[in-house]
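Asker: Encoded as structure tokens, here's the structure I'll be asking about.
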Amino acid sequence: MQRKGFSFFNFKLPQVPPDDRGKSLTQLIKEESQRWKEHMKKKKEDGSSALPAKYFYRGLMLFQFPSQMYVVLYYIIPYFFVDEWTRYYFGVLCWFLGINGIANWLCVMLYDPSFPVSRDKPSIPVQKTWDNPPDRFNPLIQESVQQNGCAVYDMSGKDGLLWQYCNKCQIHIPPRAHHCKFCKRCILKRDHHCVKVGNCIGFNNQRYFIMLTFYAMIVGCLGGFLTFMYLKDVYWVKEAKSWTDLIPPVAIFRTIFGNTNLHNCFLVIHVYIEPLFGLFGMFYFTTQMSLVMEGKTMYEVTKKRPVISSNTINRNIKSVFGDFWALNFFFPMTIIFKQRDDGIHWKGLKYDHNANKKLEGDIV
């Protein structure tokens with residue numbers, strides 16, 4: 001029997017498709033680039049492009065909270081403060097900030113911001129009204145809640161916010177509710193879809209999102225400063241051999257081989273993450289609070305919807321946080337103080353129909 005050499009590897013060079021033979025390298029690159037663009041466009045349209053970011057940020061949070069609590073309680077606080085009572089109070093403050101941050105983060109994910117849909121997805125009868133444009137229809141008020149799970153808002157006035165029909169969910173949705181292609185459902189008072197928490201921010205969880213950004217701002221800025229000072233005074237002087245030891249992959253590599261302590265590796269990683277938490281928290285907190293005081297949402301601002309609020313600033317804040325809204329800065333107060341609105345009826349809000357702006361589509 002004749003020996004066939006290395007045929008047992010079953011190795012074959014990749015074959016060029018018949019349609020691509022004779023094409024130049026530039027043409028092949030352009031065609032592959034076009035296929036990639038079409039693939040990414042399809043993922044963006046069906047909402048699957050947000051899944052990697054969702055799992056990445058949730059994993060990052062699960063790493064950041066325990067590791068930061070560990071290094072702050074056992075290394076940073078004992079280094080900067082000598083007095084026992086001072087250490088004790090800063091430890092309590094650390095636990096307070098950490099628990100509130102995690103509690104609000106969980107509430108953002110666990111409180112469902114979507115509009116409840118009945119199983120049979122009933123259709124609400126509609127009629128034309130002379131007060132609305134020809135392409136607008138005004139849902140009739142229902143005598144019971146049997147058709148869509150809740151009574152429909154009576155919008156007989158000119159300034160009433162209109163119910164709309166969602167082609168994706170095939171239901172009528174209340175004013176300020178919009179469909180999210182990532183969550184694949186309609187969100188009550190949709191503000192935006194946040195990839196960092198992995199779901200939409202709407203009526204039921206906006207208060208927790210704002211508090212999450214508040215605590216992220218404090219923990220990120222304060223923790224980033226203390227971490228940097230500790231690395232400069234301790235790690236750089238005693239253990240670091242060059243500036244490359246401040247690069248996270250290098251620090252991880254040295255920790256694996258026993259050349260660096262685990263807490264120093266955590267600190268090197270935190271010194272990059274914490275300032276980002278602080279900056280993002282500051283941006284989102286200031287933006288959200290300004291929108292809340294105006295009685296608007298990020299969706300309405302970006303889509304240039306002419307929403308006018310005649311409510312006071314205090315009333316707009318209570319619409320999101322409930323009565324005694326300042327207590328939300330200390331603990332999530334949902335059970336005790338409910339929100340003033342219900343996510344369906346909006347007292348003091350109206351569309352400026354005289355505004356010379358064309359409303360854009362709702363499906364985003």
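Each position is counted from 1, following the chain as shown.
Backbone N, Cα and C atoms are what each Cβ position is placed from, and that goes for glycine too.
Quick paste from TrEMBL:
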DOMAIN    164-304  domain 'Palmitoyltransferase DHHC'
TRANSMEM  60-82  transmembrane segment
TRANSMEM  88-111  transmembrane segment
TRANSMEM  208-231  transmembrane segment
TRANSMEM  267-286  transmembrane segment
Asker: List, by number or range, the same-chain residues at least 6 past the transmembrane segment (60-82) whose CB is under 8 A from its CB atoms?
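Answerer: Tertiary neighbours of the transmembrane segment (60-82) are 90-91, 94-95, 98, 101-102, 105, 219, 223, 226-227, 229-230, 233-234, 263, 266-267, 269-270, 273-274, 277.
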Asker: Please work out the mean pLDDT for the residues of the domain 'Palmitoyltransferase DHHC' (164-304).
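Answerer: When the pLDDT values over the domain 'Palmitoyltransferase DHHC' (164-304) are averaged, the result is 90.
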Asker: When secondary structure is assigned with DSSP, how many helix, strand and coil residues does the domain 'Palmitoyltransferase DHHC' (164-304) contain?
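Answerer: Across the domain 'Palmitoyltransferase DHHC' (164-304), DSSP assigns the residues as follows: 84 helix, 18 strand, 39 coil.
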